[in-house]
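Annotated features in TrEMBL:
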type	residues	note
DOMAIN	6-314	domain 'Cobalamin-independent methionine synthase MetE N-terminal'
BINDING	R18, E19, L20, K21, K113, R519, C520, W565, E609	5-methyltetrahydropteroyltri-L-glutamate binding site
COMPBIAS	392-420	compositional bias 'Basic and acidic residues'
REGION	392-422	region 'Disordered'
DOMAIN	430-752	domain 'Cobalamin-independent methionine synthase MetE C-terminal/archaeal'
BINDING	I435, G436, S437, E488, D603	L-homocysteine binding site
BINDING	I435, G436, S437, E488, D603	L-methionine binding site
BINDING	H645, C647, E669, C730	Zn(2+) binding site
ACT_SITE	H698	active site, proton donor
Amino acid sequence: MTFIGSTVLGFPRIGPDRELKRALESYWAGRSAEADLREVARRLRADTWRDLAAAGLDSVPGNTFSYYDQVLDTAVTFGAVPSRHAELGLSPMDTYFAMARGTASAPPLEMTKWFDTNYHYLVPEIGPETRFALSDRTAVEDFREARKLGVETRPVLIGPLTFLLLAKPADGAPDDFRPIDKLPELLDAYEELLAELRKAGAEWVQLDEPALAADRAPAELEALRNTYRRLGDRSDRPKMLVAGYFGDLGDALPILAAAQIEAVGVDLVAGASAIDRLPALSGLRDKTLVAGLVDGRNVWRTDLDRALTTAATLLGLAGDVAVSTSCSLLHVPYDVDAENDLDPQVRQWLAFARQKVGEVVALGRALRVGRESVRGELENARAAVASRASANRDQRVRARVDSLRPEHSRRGDYRERAEAQQKSLRLPPLPTTTIGSFPQTTDVRKARAAHRAGRIGLAEYQRRMRDEIERVVRLQEKLGLDVLVHGEPERNDMVQYFAEQLAGFATTEHGWVQSYGSRCVRPPILFGDVHRPESMTVEWARCAQRLTDKPVKGMLTGPVTMLSWSFVRDDQPEADTARQVALAIRDEVRDLEAAGIRVVQVDEPALRELLPLRAADRPAYLEWAVESFRLATSGISDGTQIHTHLCYSEFGDVIDAIVALDADVTSIEAARSRMEVLDDLNAVGYARGVGPGVYDIHSPRVPQPDEVADLLRAALAAVPAERLWVNPDCGLKTRDYPETEAALSNLVAATQRLRDGL
Ligand SMILES: Nc1nc2c(c(=O)[nH]1)N[C@@H](CNc1ccc(C(=O)N[C@@H](CCC(=O)N[C@@H](CCC(=O)N[C@@H](CCC(=O)O)C(=O)O)C(=O)O)C(=O)O)cc1)CN2
Ligand SMILES: [Zn+2]
């Protein structure tokens, strides 16, 4: 008889009210002690274990807490601390934060996207000299702490293969060195940790291997086989659940099914295509299949009938079956019930982390005891699914999309555009600009909070924002920048701000999701057909442009990024949704042009993030991504200059798409890669304006004029001065004013020096 259980692969950790964010920022600012921070963390862990156990999960994940990032935790656990951080001589906690955030003398680890999500992890640096050793026992202590509270957890660790595949070679490593070369040594340390967990009483552990959802070379698959053969052979270890998620595990699936492990976790939402291959995997018969049937990445209530039908087909295939989430719930907010202002109809369609735990438990019970036992849950889910399916059609939007023709996504010849733009803008060589946001001061945030709470009226709020815009414009004039911005003070977030004004989107009050460290976002919910009831940014842009003779750059977020950083309807192809969003932005671009704005930037920082993990799926994505950007940015005169901005990624895989966007100017993160992206752009014949970021805004460090000048010289070797722009890497909203002013002043000084030499 198959045993049927329920579990989730992970849970949010920032706290239902962002308690961890506040505790971290207070500790960093020196306003509280390490013990205070630890106490907040301990309470958050205890609350999570208690809630998950009380909800009725058969297995509760443990070690899902992190002070900053789970990949960083893994590096510290196994002793992969770069010497520049170890040598600071700080406490363990402060060494950890030095790796995450850097210090004046030691830059942090690089930060990049966690697969195709908006979560960012810290990239471990592994070199030939890295000595792996079990150096931190947080995972064991976490298990003991839960047990003391009466909850037996299943500690979650990043799998060794994924850890090394996400790492990068340390500076100075030989060219042919790859972190994965160190797998055998790392496995020694994993074996030690597994043995300690077993000794502490852990029956199970979970090893996460999401790297298996991407294309993997034969040698990597061989490494997978060897990894779990070695770990599997040990008798002094807990039972192992190896979970692959974010897609179909492809060739890795049969390897896991045959491995000497006790459970395999599969993502049957993003990797639903794997279902047909499960029956052929005889290795599953003596294992537990952890079936990821509840979407851990999106917020729609699960179609429980459909999930049960799928689950029923799994029962004969494996020894035991556990119903689970497709991945960790880290990527969704805590609780729909915390929302007071959601439209009741939309709210009925939603499940956040707590509700998803309930769904998993209900599915497990339905399978084990019978559908009757959860009749109410099934009926509610059915009603929600039916209600969502019948709502959300706006015929006007659909007719407009249907009427689109290829010429709606095409602008005139670039050379003519460039000429018309130069005539209107009269920019010097090496024009300087910024990426849009200026520091979001406490005053600005407080004004917004006060306005939301009704303590100040709309007129007063707008007055404060206009004052802030004036301050930012004057500052830019003083600094001598060429293309100005209004600074985005009125925006809580570059996606949420637009979602709040577009029909078809809902936004939340408490729906925070961790983006990195203490930084969170409230991803909007794109539930219906999208259109723009009225202009969104024109008044602010006009207000800024009135203050100055220099061109002010209008600032919008592109369709791909709007989708990527929202929870998006799953009842139609993303391409269709993107087209609707693109039309709304297109209307805004035209209105900005009509208001006298001559430069419009349409940000697409998530262009690379949404790129499918498997190469075979990429062309289709890139086609709709590029087409929707072009749809948003065509339909204006040649003389209006379109900028785009890309950041947070390696761009090698999307370089052709960047060219195809047909923007007049592309600003792109490059400071950390020493301008390499320029060679990539040259290689594919990109011959438009380009602004490789000349300093890293993610660090409080102020770049010196010499450094900036060096980078610009490197850039000028690849790009002629007529096409080269000078700008920071990204927006300045997370920075302070003193460092921002200093950095921009150095940026302008360095530019002037190079101009003089032209
Ligand atoms: N959506 C999105 N994804 C992104 C980025 C981005 O900008 N947006 N950038 C990249 C990096 N990710 C980032 C994610 C978040 C933040 C960030 O700064 N987030 C802020 C919150 C931004 C926000 O929504 N602010 C609101 C709400 C602010 C707030 O917390 N208010 C207080 C009260 C006000 C106060 O006294 O401060 C409250 O509600 O409790 C506002 O300004 O209105 C934070 O965590 O601190 C930065 C980068 C990639 N992904
Ligand atoms: Zn950016």
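Quick reminder: no glycine exception, Cβ is built from N, Cα and C everywhere.
Where the annotation comes from TrEMBL, it is an automatic prediction and has not been curated.
Sequence-distant contacts of the compositional bias 'Basic and acidic residues' (392-420) (same chain, six or more residues past either end, CB-CB distance under 8 Å): 503-504, 527-531, 569, 571, 576, 579-580, 583, 627, 630-631, 633-639, 641-642, 662, 664, 687-688. Among the residues R18, E19, L20, K21, K113, R519, C520, W565, E609 said to bind 5-methyltetrahydropteroyltri-L-glutamate, no two Cα atoms are farther apart than 28 Å. According to DSSP, L20 (5-methyltetrahydropteroyltri-L-glutamate binding site) sits within a helical segment.
Between the candidate binding-site residues, E609, E669, the densest Cβ environment within 10 Å is the one around E669.
The average pLDDT computed over the domain 'Cobalamin-independent methionine synthase MetE C-terminal/archaeal' (430-752) stands at 96. Close contacts with ligand 2, defined as a Cβ under 6 Å from any of its atoms, occur at none of the recorded positions R18, G436, D603, E669, H698. Listed in sequence order, the binding-site residues among L20, I435, D603, E669 whose CB lies under 6 angstroms from an atom of ligand 1 come out as none at all. Annotation: H645 carries the greatest number of neighbouring Cβ atoms among the recorded positions R18, H645, H698 [cut-off 10 Å, Cβ to Cβ]. Taking Cβ-Cβ distances under 8 Å and a sequence separation of 6 or more, the neighbours of C730 (Zn(2+) binding site) in its chain are I435, P605, H645, C647, Y648, E669, G693, I697, H698. For the binding-site residues shown (K113, C647), fewest C-beta neighbours within 10 angstroms: K113. Each residue contributes its Cα atom, and for G436 (L-homocysteine binding site) and C520 (5-methyltetrahydropteroyltri-L-glutamate binding site) those atoms are 20 Å apart. In terms of DSSP secondary structure, the region 'Disordered' (392-422) contains 21 helix, 0 strand, 10 coil. Within the set of binding-site residues R18, L20, K113, C520, the entry lying nearest in space to S437 (L-homocysteine binding site) is C520 (CA atoms). Apart from I435, G436, S437, E488, D603, the residues listed for L-methionine, the same chain places the Cβ atoms of T434, V485, M494, M555, Q601, H645, C730, G731, L732, K733 within 8 Å of the centroid of those Cβ atoms. According to its DSSP assignment, I435 (L-homocysteine binding site) is coil.
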